[in-house]
Amino acid sequence: MADETPLRRSPRAVKSVRPCFHSGPSGCDRNAASTHRAAIKNGAANPSLRTFRSSKSGVDSFRTNGRSLDSVAAASNGLRRSPRFFSSPGCRSGFTASNGSQKGPFLAQWVVDNGGLRRSPRTSEAESTRSNVVAGNGACKAPAANGVMVGIGVLRRSPLSVGEDGKSSKPKDSLKSKRLENGKSPEQNGSPPTKKLKVWSDNGSVPPQMARASSVLKNVNEICFFVGDPVPDEEARQRWPHHYVDKGKIGKCLSRNGNSEDEDEIILDVKCHYLQASICGCILDIGDCTYVKGEKGKPNYVGRILEFFETIRGEYYFTVQWFFRAEDTIMKVQGASHDKKRLFYSDLKNDNPLDCIVSKVRVAQVPPCVDFQSKPIPSCYFYYDMKYSVDYSTFYTMENDDSEDKSIVNQKYSSCASEKTELALLDLYSGCGGMSTGLCMGAHVAGVNLATRWAVDVSVASCESLKLNHPETQVRNEAVNDFFDLLKEWEKLCKRYGVNTGKMKDSTSWKSNVKDSRKEAQSYSAIPAGEYEVLRLVDICYGDPTNVGKRGLKFKVRWKGYSPSHDTWEPIEGLSNCEERIRDFVIEGFKSKILPLPGDVDVVCGGPPCQGISGYNRFRNFDAPLNDERNRQIVVFMDIVQYLKPKYVLMENVVDILKFAKATLARYAFSRLVCMNYQARLGIMAAGCYGLPQFRLRAFLWGCHPCEKLPPFPLPTHEVILKGGAPLEFERNVVGYDEDQPRALEKALVLEDVLSDLPAVTNKEVHDQMQYGKGPQTEFQRYIRSPKFETSGLTANGIKNSRCMLYDHRPLPLSEDDYLRVCQIPRQKGANFRDLPGIIIGCDNTVQFDPIVERILLPSGKPLVPDYAMNYWNGKSLRPFARLWWDEIVPTVLTIPDAHSQAILHPEQDRVLTVRECARLQGFPDYYRFCGTVRERYRQIGNAVAVPVGRALGYAMALAWLKKSGDEPLMTLPPNFSLLHKLQNLSSPPLKIT
């Protein structure tokens, strides 16, 4: 090696192959560079997963020891691709890396730039620590004598980084792990090790002593070689049968995922296995964690050794199971703020040449805990408490090996959870309550009592609608950031008066409110003129409700001698002489839970608005979207989650959150949840897949307390007519069936299934309620008419008569000119403004005025065919004044029924769809009423989460709460779920889909 080019030896050589991208039903092929980039963006660390396939399975192994790199490269025609890789811009070869300034397409240049190293399953864009244990010629320098680790299964002193001078040094990590003992191991501190790291092979735990008596060196290479005798053949075949497949039936390599075309094959020409290896003078056992050589200029990777084996050709390999760093996951750059010592376990594994190992490293598992400050992190170099899966970008809790630690962590949490008879939900940015209504309905189907106890929204009309339909809910009409400030002040008040500790200063004082209210009517004239006395406090807020220019904590005061119409908001500073009234209000408010305290909320849901990412906004901040105030609500949402620490979190948003600015906002949300040690999972769901005649694609992010079961996403129950798609980078997050996966889906619903039973109304209908006129025509219509007590589990409370009444079946009136235009649109499928007289269609599908026909004018003097319709989408649009038809669906229900730019006309009536018709397209039950102007009602419905989608998610969450779901990211819903009110038998959990 001394006379050869100072390059690292190539780990494995193969014939160059071109990957093929499988994108689902379409099956379209894409170029290698785009697929590489898509995999990197989505954290797809391993091409052996289903996203990437290689077109050839043949692999020509060669003996790396003692051969020059040039000869290896020449003989192999290329390097074997790593579990994760970058494509260089403008480079056709999928094997070319983008390291440094050299980005040529030639393999020889790739080898020079990358040191001939096989890349690991992850890459990191930023890392403050670097390992200097590899010399310039690729040889691993031996660690200091005291760095040799002995004993399998017990954390020993880790070999420190070795610099070019051969001296050991501590890692230069600017972000130190909490509660570490100055970087020293337990032995260095003079105490025996208190933590044991359980290690695994494919066959389970490895016994502490596995070294053979003899130590035969199996390689002339003095840097890395196997130690001890080979494992007996029969034992090896039992422990690692995947490496000993009949050579006569299968070729040299086999895919780990069962696909013979997978590039990350399992090596089959195995001669024997070993239990130990020596790397740079350090003995490694199966189950040890190691650094593995990384890309040039990037930190080394971390993995756990599962196997040591030698091939028939004398090549030395090890099987590694990889850990992820935060930046290697879906969080990417948003993960840079995480503790650099925190890793995430994974199921990704592959075979690598033995000389890719750099050194042993200490990695410990710690118990899951929301309170990061109290997490018992042992003094090791790395730790992990969660597992990461590329499928649906899932972070989830691992079972802790130390049962004693686990019981201590969960003891207090479990005792509190066991006392729950219902789950309390907080709906942030609630709108009219579509998401929370659906969640509660779905939980009820599973037999779980989930109740919306608090809801917050800035819209007055939305709050009125939610309060009308959910009178049991504390609905607050205020900005969510003001609500968050109020929560913090409320906790201070409760501590001040001792109510949250059970030490009330006067447990009977709150009863005086009842007496005051009884005397209130008689006391209006009891106070002399010019004097004012506080009768009682009736509400509390934080902000500036009177627009005086000063935010702060304020109480709504009921004045003695005055009616409620004279109530005023007063700052707490001006009520210094009303200590007793404040105390009574706080005690009574605590008892009735007018506001939640940390620990009171079980579920937080909401869709924080992000107007800064809207495609209609021409001034979007692409470089720093979180600096845009219009996008700050996602920060407030996560702040509230961190403050309240609920069991479950569900955040919803438009799919643009995954497209805009490299999905920065979505990655930020992930980062916040994982930083709080919450489990997380991302899915993209189409409303039409759950029994609605609209497509409506939305992104949903689950968050889950580490001591709870992370809910899966429910698989579709219906076929759907496609009206759009997900971003390419996040195609793996679309909730759906695989191409070859069996399914039993119900037929897609269309407009006729949903709207055909509703009575005809005119463009000028003004009545808010009316009779149906005829019975339901479909099963959907029968279900949507169900009374509230059937769908939600609540008592009837005199609402049985609501079955025969229809609410909000009125349209937004068209202007006189637009009404005249609509009357000219034929009542047939596909009709739109192009059917009006005086228009011809060009060969390129562009509309033009007929030069031989005089332009027709309306009585107002305006043209029958308006210019904006002719110019919309450069004259190629079919949307202006377009009629829907009975066998169609809508792409999505919007907030404004604008006939100028969307297909919104009723199939057979000269008007736009009514408020009720839009509500049905969103899955709102017919008993659900809406408040505000007609425009405000449309806006509430268009902004809502489709109720059937929330219902399916609520059912999945309820099963997770009942511990009836597994770790799989997907689950199937019960048959006929979309029409169920409640399951009769939940003894058997639903089928899980892996």
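Glycine is no exception: its Cβ is also placed from the backbone N, Cα and C atoms.
Where the annotation comes from TrEMBL, it is an automatic prediction and has not been curated.
If you look up TrEMBL, you'll see Cys610 marked as active site. The compositional bias 'Polar residues' annotation in TrEMBL covers 48-61. Taken from TrEMBL, the feature compositional bias 'Basic and acidic residues' covers 164-184. Look at TrEMBL and you will find 282-399 tagged as domain 'BAH'. Marked as domain 'Chromo' by TrEMBL: 532-585. Residues or ranges marked as region 'Disordered' by TrEMBL: 41-61, 159-205.
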Original post:
What mean pLDDT score does the domain 'Chromo' (532-585) have in the model?
Top reply: 93
**OP:** Tell me the Cβ contacts of Cys610 (active site) under 8 Å, same chain only and six or more apart in sequence, or just say none.
**Re:** Arg630, Asn631, Gln633, Ile634, Asn653, Val654, Ile657, Leu665
Original post:
For the domain 'Chromo' (532-585), what does DSSP give as the number of helix, strand and coil residues?
Top reply: 14 helix, 22 strand, 18 coil
Original post:
Can you tell me the three-state DSSP label for the residue listed as 'active site'?
Top reply: coil
**OP:** Tally the residues of the domain 'BAH' (282-399) by DSSP class, grouping H, G and I as helix, E and B as strand, and everything else as coil.
**Re:** 18 helix, 59 strand, 41 coil
